[in-house]
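In TrEMBL this protein carries:
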type    : residues               : note
DOMAIN  : 59-404                 : domain 'DNA-directed DNA polymerase X'
BINDING : ASP239, ASP241, ASP329 : Mg(2+) binding site
Amino acid sequence: MHVLDISWFTDSMREGRPVAVETRHLVQDTVPTFPEGATPTPVATVSQYACQRRTSTENYNKIFTDAFEVLAESYELSEFEGQCLAFRKAASVLKCLPGVVRCLGDIRGLPCLGEHTKSIMEDILQCGRSFEVEKILSDERYQTLKLFTSVFGVGPKTAEKWYRAGLRSFSDILTEPSIHLNRMQQTGFLHYKDISRAVSKAEARALGNIIDEAVHAITPDAVLALTGGFRRGKEFGHDVDFLVTTPELGREKSLLPDIIDRLKQDGILLYCDYQASTFDISKLPSLRFEAMDLFAKCFLILRLKGSKVEGGLNSAAEDHRGWRAVRVDLVSPPMDRYAYALLGWTGSRQFERDLRRFARFERQMRLDNHILYDKTKNEFLAATTEKDIFDHLGLEYIEPWQRNA
Ligand code: DCT
Ligand code: MG
């Protein structure tokens, strides 16, 4: 519940409809503060929707969120979707807090924290660890599935199949004659050490320069944007994500194949999975809610030379090759879909999930990486910037670096 002052009413009168509640509309002296001694944050203003929270990369409650992440992963591997999501949501709420939670009283009134999450937090507050989490971490099945799914191209289903067949290690898999690895998995094992190592911000920047050069050699007016975790200001990531397009509608269709050819000629393409666009606006809005977008995209592994990276590669000290393999994703939407694709590919996943949920349940709209559709008016809403989309949804604009929910 919010206690609002008259400014919310006058704003709503001006707009001709009830506007979304913003921080400035709240009556300040009715707002409790959290936590003691830290920057006061109104607990009452913490929304259940991640797209109404500002979450930087600074996480004061890593001890709790790491524990929740283990539980979420364990539930995900056992296909308990509801419980998995509950722990992801709880972690996401704690990530937006301005200080360390010191007692359960500190989280009173926060959304998305149920009995199970609270009991885990209580254990950590009392003993410095959670016995439930420790039990999972020492569980053979969990450890094996985590190991197998850490290979590029191996999902939970394949990992489970191998586990059930009695396989427990990489050498078990690689020496088992009945197993036929697909091309993606073969590449995953081949570059395992490199790909499982975090990509640094400097490496992401170097890749940005390489791709920028390739793209502009092909089309001088191309638009290239960094998305994913690095756009949100993260220091490290598991891959580097880019959006690339051209102002000329339709021209983007041949863009990725041209870029791929060029990277091949430059001798830096180690792996490429290209998927042509299946985007057809007449088939939208799609009923498939969490569906991956339909734009042309490619999942790549590139060979990055240390000499291109300011401060050098993020590789092991004993590694003297002078290069490493890095995962790169390129997506190529048509220019009139650019804002939606940029918003969708910037993440975080939790932020995206809640944007779509907010659109659907609070606004009777449908949002995905291609469109925003107003169901009450039966129309598509146009946007050229991310801010346009927030405006259509009646949301305060959240900067990319505040989307680390
Ligand atoms: N995304 C999404 N739903 C998916 C996959 C991706 O909404 N099923 C969005 C959210 C983030 C963005 O695409 C890029 O995805 P990742 O690279 O997996 O995430 P990231 O935030 O960049 O994190 P990482 O540092 O691990 O790459
Ligand atoms: Mg990424």
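Just so you know, glycine gets a Cβ as well, placed from its N, Cα and C.
Note that TrEMBL annotation is computational and uncurated.
Because the structure is a prediction, the values reported are computed rather than measured.
Shown on the structure are the features that TrEMBL records.
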| residue | record | Cβ within 10 Å |
| --- | --- | --- |
| ASP239 | Mg(2+) binding site | 19 |
| ASP241 | Mg(2+) binding site | 22 |
| ASP329 | Mg(2+) binding site | 17 |
State the mean pLDDT for the domain 'DNA-directed DNA polymerase X' (59-404).
95
List the residues in the vicinity of the Mg(2+) site, defined as same-chain residues other than ASP239, ASP241, ASP329 with C-beta within 8 angstroms of the site's C-beta centre.
THR227, GLY228, GLY237, VAL240, PHE242, PHE299, ARG327, VAL328, LEU330
